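Trainee: Found this in Swiss-Prot, in case it helps:
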BINDING   Lys12, Tyr159, Ile160, Glu161, Tyr162, Ser163, Gly164, Gly189, Gly209, Asp210  sn-glycerol 1-phosphate binding site
BINDING   Asp14, Thr40  Mg(2+) binding site
Amino acid sequence: MYDIKKWRHIFKLDPAKHISDDDLDAICMSQTDAIMIGGTDDVTEDNVIHLMSKIRRYPLPLVLEISNIESVMPGFDFYFVPTVLNSTDVAFHNGTLLEALKTYGHSIDFEEVIFEGYVVCNADSKVAKHTKANTDLTTEDLEAYAQMVNHMYRLPVMYIEYSGIYGDVSKVQAVSEHLTETQLFYGGGISSEQQATEMAAIADTIIVGDIIYKDIKKALKTVKIKESSK
């Protein structure tokens, strides 16, 4: 079993987006700590299987971040289950999870399931609209969410998601200071080695996604943060 606490860098691939075989090979051979498959819309069983089958040729951890029950399947090392803490719709807190457990609970290996306390921060993102997230958050709001995740829910991961834009470093720093046990994931807008370095100095793990489809060379440079220590 892999130890996710040692992961500093994850590449996140959207099964609904095209990636060439050469670019996928470069991503999987880049020394990233893991590959995560996940997206907001058009995530289907077919496109998840298609992408998973290509990545499985490489010897690195593979994660499915669950966005709908229909695309859940065996064959992944971990299943990351988001609970969107700032969603106004209970379905994105635990409603989808409830349905999944009713259907698959008898066959789940819970050692492979990681519960993520998600906070969505970009109002213009697809994920914010889809999850009906309240993104009008102060630093104090985020600190309270961090305390909730770390001390009360005791979740293994808190994921600060800016999805498409580079986040407010001071707010991410404030969250980090309140997490003593929970691992901090940051994702959103990382498009350069400099941004990756800046966020990796605060978060335990950075998630790099969109830039893969815009500039593969810049995406690959973000892996260099593994050479530094947090």
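Glycine is treated like the rest: Cβ placed from N, Cα and C.
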Trainee: Do you know offhand how many angstrom separate Gly164 (sn-glycerol 1-phosphate binding site) and Asp14 (Mg(2+) binding site) by C-alpha?
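Mentor: Gly164 (sn-glycerol 1-phosphate binding site) and Asp14 (Mg(2+) binding site) have their Cα atoms 13 Å apart.
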Trainee: For the sn-glycerol 1-phosphate binding residues given in the record (Lys12, Tyr159, Ile160, Glu161, Tyr162, Ser163, Gly164, Gly189, Gly209, Asp210), what is the largest pairwise C-alpha separation in angstrom?
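Mentor: This binding site's residues have a maximal Cα-Cα distance of 16 Å.
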Trainee: Quick one: which residues besides Lys12, Tyr159, Ile160, Glu161, Tyr162, Ser163, Gly164, Gly189, Gly209, Asp210 have a Cβ within 8 Å of the sn-glycerol 1-phosphate site's Cβ centroid, in sequence order?
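Mentor: So the additional residues around the site are Asn122, Ser125, Gly167, Tyr186, Gly187, Gly188, Ile190, Ile207.
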Trainee: Fewest other CB within 10 angstroms, which one of the binding-site residues Gly164, Gly209?
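Mentor: With the binding-site residues Gly164, Gly209, fewest surrounding Cβ atoms within 10 Å: Gly164.
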Trainee: Measure from the CA atom of Lys12 (sn-glycerol 1-phosphate binding site) to the CA atom of Thr40 (Mg(2+) binding site) and give the result in Å, rounded to a whole number.
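Mentor: Lys12 (sn-glycerol 1-phosphate binding site) has its Cα 12 Å from the Cα of Thr40 (Mg(2+) binding site).
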Trainee: What residue among the binding-site residues Lys12, Asp14, Tyr162 has the most other CB atoms lying within 10 A of its CB?
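Mentor: When each Cβ's neighbours within 10 Å are tallied, Tyr162 leads.
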Trainee: Looking only at Thr40, Ile160, the binding-site residues on record, which one has the least crowded Cβ, with the fewest other Cβ atoms within 10 Å?
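Mentor: Across Thr40, Ile160, these binding-site residues, the one with fewest Cβ atoms within 10 Å is Thr40.
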Trainee: Quick check for the class: what is the C-alpha distance, in angstrom and rounded, between Tyr162 (sn-glycerol 1-phosphate binding site) and Asp14 (Mg(2+) binding site)?
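Mentor: The Cα atom of Tyr162 (sn-glycerol 1-phosphate binding site) is 16 Å away from the Cα atom of Asp14 (Mg(2+) binding site).
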